[in-house]
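So that you can see what the record holds, here are the features copied from TrEMBL:
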REGION    1-53  region 'Disordered'
COMPBIAS  12-45  compositional bias 'Polar residues'
DOMAIN    186-381  domain 'Fungal-type protein kinase'
REGION    425-444  region 'Disordered'
REGION    456-485  region 'Disordered'
COMPBIAS  468-477  compositional bias 'Low complexity'
DOMAIN    498-623  domain 'Fungal-type protein kinase'
REGION    739-795  region 'Disordered'
COMPBIAS  757-768  compositional bias 'Polar residues'
COMPBIAS  771-795  compositional bias 'Basic residues'
Amino acid sequence: MLFSKMARPQPSGHSLPSHSSVTATSPTQAQSQSVPVSECRSTPRSGKGHVGIVGQNMLRPNVADEMIHELQICPLDEFLKVYAPCRPTSASVDAALRRMETMMPANGNWLGFGKGETEKTVFAKLTPIITALGSVDCVCEKEAQPRTLNFHYVDSSDIKICGEIKGSSYRVDACLLPTLHDTPPKELTVSELALVAEYKKSSTTDKVYDDRLKVLSAANHIMNDDPRRMWTYGVTIEHEKMALWYFSRSYSVKSEEFEYKKDRKTFLKIFMSFLFATEAEMGFDPTVRRVLHGKEIRYIYTITPENQPPRFFRMIRPIYIPRVACITGRQTRVWEAEEVNESSDSAEVLRNDGKRVVLKDVWLDERSQPESEIMDLIMKKLEVIASQPRDWPAGHLGRCITAALEDFPANLPFMKIDCTSTGTTCRAQSETSKPDPSILKPLPLVPTLQQSDRLVLPGSSQRHSRIPTTSSGHSSPGPSPRLGFSYQAPNSSLALTLLFLAGWVHRDVSTGNIIVVKSGDSFRGLLSDFEYAKEVNRADEPKHDPKTGTPFFMALEVHLGVSIVDKSSGMDGPEEQARLRAAIRNYKPGFKADGVFGPVVSPPWRFQHHHNLESLMWIALWFLLCRVKPILSAISNELNEEPLADQIFTNTPEPSPIRLKLFITPGYRPMAEAFHPNLGHDFNQKFTSLHRLLYQTCARQSPLSREDFTELHDFVWFYFGNIIDAVVQATGIDIEEEESDADANAQPPNAGETEITESANATNGTSKSEPRKRKASHTPHPFRLRSHHKAGGST
């Protein structure tokens with residue numbers, strides 16, 4: 001395995017069109033034209049937890065909880081104008097109605113609800129009508145020739161849906177497929193579903209909620225499962241009213257209902273728009289092909305860099321494929337890929353010495369600065385630094401910095417962007433679309449700690465971006481988890497020191513953004529994903545920084561969105577203090593103390609270099625608590641006691657009380673007791689030294705100077721190095737192996753309990769304890785925050 005990760009980070013109003021991007025990376029940086037930073041801004045994000053491997057039908061409440069505040073309502077006419085895949089002419093619709101008159105009489109009885117008829121029997125009557133509609137001539141606006149029929153209606157209420165990610169345990173009442181099946185299939189794949197439909201005879205509150213939740217959940221699964229999807233569609237019928245749905249990374253919108261049996265022309269216009277649409281109009285990305293490679297399904301991405309011919313990358317395996325309960329917002333897939341000569345089933349690998357790439361497929365705010373441009377700006381700063389003499393850092397850190405800057409930029413601990421391509425932008429939002437939480441009310445939801453409170457703020461359109469990142473290594477087995485940590489940790493600390501020298505902060509340091517690659521006979525940890533990086537102390541930066549990053553590894557102040565100590569400016573000067581003392585001496589009931597109670601002005605909160613360094617501490621703690629297997633003495637006898645790691649590491653927009661208490665209490669006793677004793681008798685002191693340093697840095701009243709930050713990086717390099725040495729040198733500890741890609745974040749077979757056998761290396765030898773049962777940890781893998789959260793004020 002060429003690319004190894006300690007964990008897979010598990011990447012959720014009014015919006016503009018969004019687009020996608022694809023990138024490939026390696027240790028050096030490609031050239032790209034930059035744009036002014038002030039023109040770009042961050043994409044709204046919210047906490048999204050990985051939902052794991054569980055039936056999609058079981059996730060419907062989670063989907064509703066995540067999506068209730070992003071759903072919008074739109075007038076039907078506006079929906080057909082803005083969101084429909086194509087717009088048949090009035091003449092085509094009139095002609096279709098004349099041909100369908102016998103099947104759709106004007107009296108509205110063409111879809112009657114007969115006494116005793118089941119829901120299935122009633123809505124099966126739609127099948128021959130919509131099928132016959134496929135034979136009419138459909139001419140769309142601004143076009144001269146009739147379109148070809150591209151999609152076919154299927155009554156699928158009895159057909160199982162199968163997907164490429166686990167959890168495809170649902171059915172839909174009807175769907176549109178690009179392929180016409182000669183006989184009713186026993187199962188359908190998610191990749192075939194161009195539109196899903198859910199029907200109910202009744203319009204009671206519970207039936208309406210169930211109907212909408214099912215179509216919402218099905219669309220969520222399609223967007224999670226199929227990397228070709230830019231957007232997708234849905235239809236719901238509740239008694240005699242019909243509504244349309246559009247789901248995309250920018251927003252999800254539902255049309256207002258209409259009485260479809262009475263308004264036959266609108267009914268026909270809608271289904272003609274779907275049946276005669278092209279695949280691209282229905283949301284299938286034409287630059288991503290699903291192909292058969294041997295006996296396996298693979299995807300081939302076509303990437304066309306600016307002013308260059310197209311290149312083709314075939315996926316080998318997933319590195320990070322999230323399954324989340326939300327659709328809107330930033331979405332990232334990361335693949336190991338190989339470059340091929342074309343985008344067909346028979347594509348051949350290019351002769352490039354067997355090198356592979358990491359390909360990142362991400363949806364970004366269309367106004368956000370591309371990662372390649374951010375990297376260019378950082379590289380220009382580092383190139384200047386490399387050419388000048390330096391008096392800091394010294395010692396081993398200084399020698400590592402010098403080695404990293406030699407043969408610039410080949411030795412830098414960053415993934416190299418090989419090329420980048422900007423893909424499709426989501427449809428622009430209609431001005432008449434408005435958020436409407438009542439679409440999914442009432443909601444029988446009980447949020448849990450691992451479910452995120454929704455952060456509802458104005459969003460923006462998403463654009464698609466593809467970024468292949470190359471490596472100088474070759475395909476080979478990855479390092480062990482312990483060695484992977486030893487490669488990731490020091491290189492990430494080195495990378496952050498280089499960013500400090502360049503005057504930039506990363507803002508999303510996490511295990512998922514440090515990729516271990518083969519380099520000669522060894523491995524290197526390379527920092528990646530600079531989408532949220534920013535230059536510090538710019539004159540035009542916002543008053544307050546938004547929350548960015550992965551909640552598991554966020555610095556506490558970033559997670560809170562405020563400083564952890566009072567750094568306000570109030571009545572602190574000598575004159576103010578004198579007035580206050582005089583007022584205290586003269587106080588009596590009714591006394592008016594003028595000029596004593598001054599305004600409290602809090603300084604703006606901004607992301608700084610120590611927040612990046614604090615993320616390294618959380619990464620180390622996550623590894624020590626979640627990857628190092630505990631010995632039996634550390635396992636609580638209380639099966640219902642929540643593991644400490646589960647209380648600290650949560651995919652929520654605010655830190656848990658335990659995480660807050662831990663950070664402001666260096667040497668926190670429960671944490672010290674959770675460390676494996678074989679790490680050494682002084683290991684807790686080593687970790688506490690790093691912890692106390694970072695806490696005291698945050699607790700300082702005065703602003704941090706450059707000299708403060710240089711000293712901080714020296715100390716962190718020393719303390720962090722000692723922690724790494726202790727982990728690498730320890731004997732008698734077991735490390736949890738990384739899960740396979742297919743089973744990432746799966747629950748154990750018996751989710752409530754799991755058998756564990758632990759061995760502890762005693763001072764006089766190695767002893768093995770008897771197996772016992774403990775409560776299984778459900779600590780999920782980390783996810784980025786997807787919604788923009790205002791920290792202490794507006795941005």
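Including glycine, each Cβ sits where the backbone N, Cα and C put it.
Curation plays no part in TrEMBL annotations; they are all automatic predictions.
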Mean of pLDDT values spanning the domain 'Fungal-type protein kinase' (498-623): 82
Secondary structure content, the domain 'Fungal-type protein kinase' (498-623) (per DSSP, counts of residues): 43 helix, 18 strand, 65 coil
DSSP-assigned states of the region 'Disordered' (425-444) in counts, ordered helix, strand, coil: 4 helix, 3 strand, 13 coil
